[in-house]
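Structure first, then comments.
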């Protein structure tokens, strides 16, 4: 019948899940070998007058099923403030109740069967060394492994009970309970799962999956060399052996519903053998399950603190599908009477004072121990999106990632097919500063609702989406043997691709929102990340491009999308034009835009250092190529071949004359088709750096900048034949090409065009000197100083007399300004 039951299990469950369930169920159950007796001081139990009561089901009438004791009788009673604390007086031999008595000492009864000793098939010392120094980077994961195994044991029992209900006859409760003794460094992990028979103890805990250490190491090495999925969890019992990371001794007491006997397995970390004995002590018998007792190493006794255990459970096992209870110290307040000093009060009648004792009360806190539910049994991502409100999503986000602002957007989805997983992704409202930080703790990875890791280096999300936060839960991810490292595989690549696609859909939803401010806030925080994606992720260019935002020559200092640009293009416009600059003002007033503005063509203004690089990596958008208007061979689609031919013939001699004067500073001199009001402009070569890119690269270079010369383009000097200065130079070229003033004018034109085109002159001081000389020449003879008018002579004062002389009016003739009267 047992074989038929196993065959039925194999038919009903996936092979991998079945194998994991058998291995992990073998690692746990609820042990008859309890914690040490000294644990009584930190973990109180019931007095004989107060029988144990179930915390899960407080009704004593349900504590028995079919005349047999349930696992819930192991729980201490839950007391309220009104109950007397006398029932919590401890017996020194108890941990929680009579069933939690210590098994550290051997049973003294004379009829106790002797323990049978077994040798490990593999070298345990080598195995322990591998576990401690190679598999796990953090000791605290031992609790995650052991709780996961306990959950697997419960899951297997629940599955088998569907076809065999008698398996639950000893108690229907399926839970995990963890109790600690911090004084003696003991941790007890209890589950009411499937338990193990004697032979299963030998097969599961006595050997490493019927394999020696050498075979284990060989398998692990071959998996790494072949770069294949290293899905080794439980295959060698490594999850159980993580207990020896922190323990000197491990005891497993287990009772299977398939067996009438209970067995105790014990081993020490430094030993190469273990013992198995039958449990005969009636006080230590359990109905079903496994109890795992860890006797911690001296340096690791800090794990036995109840607060430490609770913290680890909330981090790693918060979403395990079975309830996890921890034994916690609690308290309640009550009022007690206190004595006051005698006070004199007047009595009625004679009015004589009489001494009385005035009673007062004060509030005190009474301590007691009880079970406390630690985990949430229903993670939010397992619910359907329709059942979850926006407030619940936001609350989960703030609690999980310690945020104080609501996210900008969230996406809850389930992926099925070749790879199945559930996920909730968020776009934070707070800005992520470091764009170069590849490692983040923004994605929390769960396997079967057990937390695995949040420390990734681009395995699940590329660097440019590292600002996205969320949880990912899958039942069959390819992890390495320690469950800590996500292996590179085809499954991981598929998962990464689907996560990235969902992240883009979420961001696109923000951009399509009626509230334009939402995406403006997103772009201000994470625009640089998307621009980085243009450089690093060619496969997703089509998803990134619609999300980009730029200023334009017609947007009135508002950011526009590429879709908006394409919609406003002229019918005859062939390309998407752009120009890069160091500021919005300099880019908008650059001479390169003169002809395009006249034609009504919109030009993107790239003022962020990453803008130009991102567009050059995109190459095109909706079959429209990106064209830099500051580079040579600009085609505006309005060519007049006859007119251009005439101009080139007329100014060919002048172009050669200017090229001879400028020498190697320019590649050539051409007649421009992009200018209307400026006399000249300096454009970059088609495949070289633009003026903006050259400025950025020069600023980033350290030390000798000569290494950048190979990318600096040879400039092309373009002249505007319609401008008056160029016409005069054309005449000078024909009349007197060696005129020093004409040659000086060419130098000044070239150097000023460098400034207006975004380049930096090689000798700014020489340029300013030439400009000052021209200004002096132009200003010569103007605003010359005029002779100052002479001051009128002072008349001698008349001799004083006793009587003043009468005044006579003087007639003044009008005179010209600057003339003497």
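These residue numbers are counts, starting from 1, taken along the chain as shown.
Cβ coordinates come from backbone N, Cα and C, glycine included.
Whatever TrEMBL says is automated annotation, not expert-curated.
Note on TrEMBL: of 738-779, 780-821, the range annotated with the feature region 'Disordered' is 780-821. Check TrEMBL against the ranges 40-63, 64-87 and you find region 'Disordered' recorded for 40-63. A count of other CB atoms within 10 A of each Cβ picks out 191 as the most crowded of the binding-site residues 191, 290. Counting Cβ atoms from all protein chains shown, residue 239 (ATP binding site) has 26 others lying within 10 Å of its own Cβ. Taken together, the residues in the domain 'Histidine kinase/HSP90-like ATPase' (138-300) have a mean pLDDT of 79 on the 0 to 100 scale.
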